[in-house]
Amino acid sequence: MFWAEFFGFVAAVLGVLQAWPQARKIRTLGHGHGVSITMWILMTGSSAAWLGHGFRIGSPSLIASTVASALMNLTVVLALTSSPRVVVFRFIVLSTATAFLIATLPLWITTPVLFAFTLSRVPQIHRSWKSKRNKVPGSAVSMGMISLSIACLLAWEVYSILWKSPVLIGTTTVALIGALLVAYLELSNPANKSQRTTSK
């Protein structure tokens, strides 16, 4: 499965990089207005869950990418919180427990959990929708993050198809739809459009 692992590693690199523009933008602006910390907590948990699945199916690319992605996603959470030590401690405990349970429990239990984590972008969709509805300016949501996220999920989609895994195909498709919705809401927000025009 050379090509499957190739696309898996491409997705891994993109998945690791996607959090960096978001963390950088929050620190540059000095605020996280419009960014859902709930989404990033769920995405960090999702990485831990997929790490467990990676051990289950024996996929090096999935294991490597989920570890790196979890750590990078954590940087966004840390940029949005005022209690970094507490967050790091909880991250270590909960991520280890989640990965172990997903790797060892029966598939009829773990599959619904993996599907549930694909909805991790729902809090950001709701936040971006509210910002668009109320025409709230000054969004800290990074378009670079969104672009990398979409590219990452497209690579995972190819990986999933090559692996012929219904679980991976289904979860990746749902996550991709969520990322596209966030992109649409952020790009179509009139306040964000005027902000980008002013910054040019």
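The backbone N, Cα and C atoms fix where each Cβ goes, glycine too.
Curation plays no part in TrEMBL annotations; they are all automatic predictions.
As annotated by TrEMBL, transmembrane segment applies to 37-55, 62-81, 87-119, 140-162, 168-187.
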Cβ contacts under 8 Å made by the transmembrane segment (37-55) with residues that lie 6+ beyond its boundaries:
19, 22, 61-63, 66-67, 69-70, 73-74, 76-77, 80-81, 91, 94-96, 98-104, 110, 113-114, 117-124, 127, 167
For the transmembrane segment (140-162), give me same-chain residues lying six or more residues beyond its boundaries with a C-beta closer than 8 angstroms to one of its C-beta atoms, as numbers and ranges.
1, 3-4, 7-8, 10-11, 14-15, 17-22, 24-26, 29, 31-35, 61, 124, 128, 168-169, 172-173, 175-176, 179-180, 182-183, 186-187
